[in-house]
Amino acid sequence: MEPLLLGRGLIVYLMFLLLKFSKAIEIPSSVQQVPTIIKQSKVQVAFPFDEYFQIECEAKGNPEPTFSWTKDGNPFYFTDHRIIPSNNSGTFRIPNEGHISHFQGKYRCFASNKLGIAMSEEIEFIVPSVPKFPKEKIDPLEVEEGDPIVLPCNPPKGLPPLHIYWMNIELEHIEQDERVYMSQKGDLYFANVEEKDSRNDYCCFAAFPRLRTIVQKMPMKLTVNSSNSIKQRKPKLLLPPTESGSESSITILKGEILLLECFAEGLPTPQVDWNKIGGDLPKGRETKENYGKTLKIENVSYQDKGNYRCTASNFLGTATHDFHVIVEEPPRWTKKPQSAVYSTGSNGILLCEAEGEPQPTIKWRVNGSPVDNHPFAGDVVFPREISFTNLQPNHTAVYQCEASNVHGTILANANIDVVDVRPLIQTKDGENYATVVGYSAFLHCEFFASPEAVVSWQKVEEVKPLEGRRYHIYENGTLQINRTTEEDAGSYSCWVENAIGKTAVTANLDIRNATKLRVSPKNPRIPKLHMLELHCESKCDSHLKHSLKLSWSKDGEAFEINGTEDGRIIIDGANLTISNVTLEDQGIYCCSAHTALDSAADITQVTVLDVPDPPENLHLSERQNRSVRLTWEAGADHNSNISEYIVEFEGNKEEPGRWEELTRVQGKKTTVILPLAPFVRYQFRVIAVNEVGRSQPSQPSDHHETPPAAPDRNPQNIRVQASQPKEMIIKWEPLKSMEQNGPGLEYRVTWKPQGAPVEWEEETVTNHTLRVMTPAVYAPYDVKVQAINQLGSGPDPQSVTLYSGEDYPDTAPVIHGVDVINSTLVKVTWSTVPKDRVHGRLKGYQINWWKTKSLLDGRTHPKEVNILRFSGQRNSGMVPSLDAFSEFHLTVLAYNSKGAGPESEPYIFQTPEGVPEQPTFLKVIKVDKDTATLSWGLPKKLNGNLTGYLLQYQIINDTYEIGELNDINITTPSKPSWHLSNLNATTKYKFYLRACTSQGCGKPITEESSTLGEGSKGIGKISGVNLTQKTHPIEVFEPGAEHIVRLMTKNWGDNDSIFQDVIETRGREYAGLYDDISTQGWFIGLMCAIALLTLLLLTVCFVKRNRGGKYSVKEKEDLHPDPEIQSVKDETFGEYSDSDEKPLKGSLRSLNRDMQPTESADSLVEYGEGDHGLFSEDGSFIGAYAGSKEKGSVESNGSSTATFPLRA
């Protein structure tokens, strides 16, 4: 594949070079030459709507040409001051101002120098007038219902194209159909009018897009009078009009669109059909439009000329019209005259041929004048050629060939330059070239020489010119070196020589390494809907890396750059990824590399695997009572061999429509003999399997029905259902419909006591259950069940042992003792129940126990029975998870499949003391530079008499080392806090607290805190403020500093604050202002009013709290929930609020401005004096051992606030 692509790229490059090398001779601008027009306006220029219009004419030549114009064949001078000529060209502009209609006409540009004159084609400049409908009074039209009528439009003339519309005054289009039609001229035809056609606002609009103009005809009124007798009539052509006769001629230019239209009046409305007389309408280019009234043929050719017939018909008759179509063509070049360069004394021919219909006439001009005015000795002028002999420099001229017929004129200029000059090499000296090893190199040496010159190439270090099959020199001087090697690198010289002189240039050639590619993985096999990942590894010459571009294609079609199908295909440079591959993604993938000098490619074959197609054409043969042959045809395997076939059947009377697997067949086989059961109406289907998965099932086969037979098997799983004592309910698995083998299925059940010398009892039933009464409880029986149907009995059944129904145990176990293992675990032992008193199959023993009272406080406990079962025959069991230091009652009973027997007499035992649980909380409520005060809550479960606490602490500064653990035994169990002294300043400590009983200490609760620094000023304390006070003076040591003020109740739990604020004191220069205000009478009165109101609110608050009023805990929990506090909430004594984790509702800014919402803010209570009583949620006093909160701020339903003006 790679050589193929390389070769293809080489061919394209060679074709480009050949076109480059075979172009017309380009005379260097330094050589004298006749003028050549290189740019001109279109042959028709319409008046534009821009600020000016421009007619272009540009030419080249040596000497520089001068320009002149003619208008309508007469010289045109730029005398009008509005004309703006361009420098160095013949282009001029006319501003769009004033009256410019006199500029309309046909212009021609002439470019001349001393050697000749070139002329442009005629440029028609059109200044259209603004089209208008004439102002006229249009008489109303009145017709009878069913009559035909034509509404004329007669649009004004204007610059084409013209678009005509019929609308009403509301600019709604008049609906056209088989009855109503607008002709190409714009007239509106009615084949027969109806009453609904009456209206007074039929308006014809003419639109001229190039003029950006739409004009409207005066509205027309049409009245349709209803008629009681509408006469039907045969068709009559209205278009073409009657005066044109039964046939007409139309001339159309080749390549244009032919439109033939036919419209007939009549009632019922005639239908129009088209045909070509003596031929067929051109397929693919003809269409019938406007309900068949218009025949449209696009891109008309000479084959379309001839006679076309339209036929309008209804059931009363027909009307026809023939169109004779003539196809003509404006002139077009078949041999356009070509410019040429000749040397003195040479000969030449100038050819000019054109075709058209009618045949164009040819006229020759020399320098814009008829050729007859410029006779040259030896020249022969024919209608289609001029023959030159012994050319001389004075033959240099511009020859014009003009071809014309009735449809237009075309003009071509051909320069004849007679010059003698030594070679002029156009390629720059010292040009650098590069190619790739194995590719061809092209070294250019473009030149101009007259007379003709000889070109030779040689390597700079060599004397002889290059020769051999690897070298080729083109006519324009380019050297081609085929199949380059590294030895071809170097400098080359190009020599060009003619009769007048010799010239040379040098060129340098570099040889690069070829680009290489490798696509991986090679030929992958990908399951459908998996991901395909291809990688393209490239290697190229270091000089070419900047130009290296990779692209991907599939089966020769390139992928888009950014992928397709909503990102399913992603191309990222060298990587191609396709998600959810489908069978359409299978193919040959090619990675192509292109550099500035070469290209390379590599391919990989991607195979997509899928499940097979379903098998087809299922056929049944060799039909037998117990077998049939099934044959099928394999479907497509989708690139993965079929490993096996699964044959399924449907025929189960119990589950119709359910398919079951019958057998499996190896993938190479497509036929199998299927074993069948009697009395089944079978239908089969086949599923193919390959490594990807299963196919869809095939279409079902024909039905095959087998005859009935006696049962082949007996019921299985014979058992006893739970039943009453002295009763045996025998059950078994009934035979499925596929196992019954025939109609009338029944079951013969026989039984007898096991080992008893009695006859078998027997009963036949149709269902799969039989109830048998027995004289004994839980006695063994031999039981047999046999299947029978109308065709006979099944095989002899095997006997099974079943037991009659159980009864409850009638004796309770006797408890021998309860051994206490520890405070929460005991071992119970009992005597087993005799087998004959179990009355069934013993399943185990059950222990019931319940707590009667706590030994800690002596309170009785409501009976809540706990149950623990032990399976099997045993006489002891362990009872865990008991409460320590408590009294329990315990009973034991036996149970079988029927149920539980009687309980034993209750056994009373007590559990000893255990270790307590951890305290409910531990917090540091006060800290200084060398002391700390800790407070804690009572454990939720004491598990005995509390003897005290073990407090431990150690230094845990932010290092890997920790300090020595210090122990403090607190022997006062009622003490809820402890004051530590002799701590280090600015040090972080970790505290551990355990509650203890006589059995030891429980799990610790921990807390961390840091002491203050040496320079800390601590907390300023204020003496008590009574309820009637509204202000209190505070001495401030630093005027202008911020101070935190918190107001607390004296005896509330944890010294909860009811107000806090951050206040900035002023400097001393403002002290007088506050002194003066405080002595004013109005200020004293205001403060008294505020104090009275505050006292009233606080009194209400305290009364509500003492009466158990609830404050909004839920509201505060919703503001800032704390998951850690929430998890602990249910484990503490009683209820408590975590509102200390949230700011007080209605309070001002936080004490610590940097504190996060979920952090706890320190309260002044941490630094308060003495112990503080605790309140429960309802505000009542609990005492030292009541449930407590870690931190809290009390919120009442109507919270009070207080202000504290400071005086500096």
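Even glycines carry a Cβ here, placed using N, Cα and C.
Since this is a predicted model, take the numbers as computed values, not measurements.
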_Between the candidate ranges 16-20, 201-205, 1181-1185, where does Swiss-Prot place the motif 'FIG[AQ]Y' annotation?_
1181-1185
*Run through N87, N513, N1026, N1055 and tell me the one Swiss-Prot describes as N-linked glycosylation site.*
N1026
*What is the disulfide partner of C109 among C57, C262, as given in Swiss-Prot?*
C57
*Where Swiss-Prot places N-linked glycosylation site when the choices are N476, N575*: N476
_Recorded disulfide partner - C401, candidates C352, C445, source Swiss-Prot_ = C352
*Swiss-Prot annotation, N-linked glycosylation site - which of N394, N562, N969*: N562
_I need to check the long-range neighbours of the motif 'DGEA' (555-558): which residues 6 or more away from its ends have a CB within less than 8 Å of a CB in the stretch?_
587-588, 590
*Would you list the DSSP helix, strand and coil counts for the residues of the region 'Disordered' (693-716)?*
0 helix, 4 strand, 20 coil
*If you run through the motif 'DGEA' (555-558) with DSSP, how many residues end up as helix, strand and coil?*
0 helix, 2 strand, 2 coil
